[in-house]
């Protein structure tokens, strides 16, 4: 009698654990995600979307895969949290870019880079200009958290 009760309890536990996921191919698909907000940014190659958690991203992907739509992959959070601006210099208040101590000759080769400071996202013609830009920002009094970093070595 005790072994039957133990077996029944084990089966109930297994059913409870696996009852929250559905499998499509090799991917476990959660049907229930805890209400814990730990945002994750995802991309399907064209669009960026913020999900409440990794679990929500996986669940969303399972529904997309069933419809043969490209799944979202987790990516840098700055893609979802930053505003894309065309003219970064103007957006930041037209600070002085021509600072003697910041001048570093850059090639005229167009190799666009996408940069961000977490708040704004923009494109520069090449990565050398990013160094000059950040130097000029520092001279104008910008805090380290306001400086820009490379998001990817291509257009945004």
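Here the Cβ of each residue, glycine as well, is placed from N, Cα and C on the backbone.
Following the DSSP three-state reduction, the secondary structure of residue 62 (disulfide bond) is helix. Under the heading disulfide bond, Swiss-Prot lists 29-62 (among others).
Cβ neighbour count for residue 55 (disulfide bond) (all protein chains, 10 Å cutoff from its Cβ): 17. Under DSSP, residue 55 (disulfide bond) is assigned to a helix (H, G or I) in the three-state scheme. What Swiss-Prot records for 33-55 (among others) is disulfide bond.
Sequence-distant contacts of residue 102 (disulfide bond), defined by Cβ-Cβ distance under 8 angstroms and a gap of at least six in the same chain, are 132, 135, 136, 139. The disulfide bond annotation in Swiss-Prot covers 102-135 (among others).
Residues or ranges marked as disulfide bond by Swiss-Prot: 106-128 (among others). Non-local contacts of residue 128 (disulfide bond) by the CB criterion (under 8 A, 6+ apart in sequence, same chain) comprise 104, 106, 107.
The number of other Cβ atoms within 10 Å of the Cβ belonging to residue 156 (disulfide bond), over all protein chains shown, comes to 16. Swiss-Prot lists 114-156 (among others) with the feature disulfide bond.
Annotated domain 'Kazal-like 1' per Swiss-Prot: 23-81, in sequence order, evidence recorded as sequence analysis. Each residue in the domain 'Kazal-like 1' (23-81) has a pLDDT score, and their mean in this model is 85.
The domain 'Kazal-like 2' annotation in Swiss-Prot covers 96-156.
According to Swiss-Prot, the signal peptide annotation covers 1-19, on the basis of sequence analysis.
The Cα of residue 33 (disulfide bond) lies closest to that of 62, out of the disulfide-bonded residues 62, 114, 156. Helix, strand and coil counts under DSSP for the domain 'Kazal-like 2' (96-156) come to 19 helix, 13 strand, 29 coil. According to DSSP, residue 29 (disulfide bond) sits within a strand segment. Comparing residue 55 (disulfide bond) with residue 156 (disulfide bond), their Cα atoms are 27 Å apart once rounded. For residue 29 (disulfide bond), other Cβ atoms within 10 Å of its Cβ number 18. Across the structure, residue 114 (disulfide bond) and residue 29 (disulfide bond) are spaced 33 Å apart at their Cα atoms.
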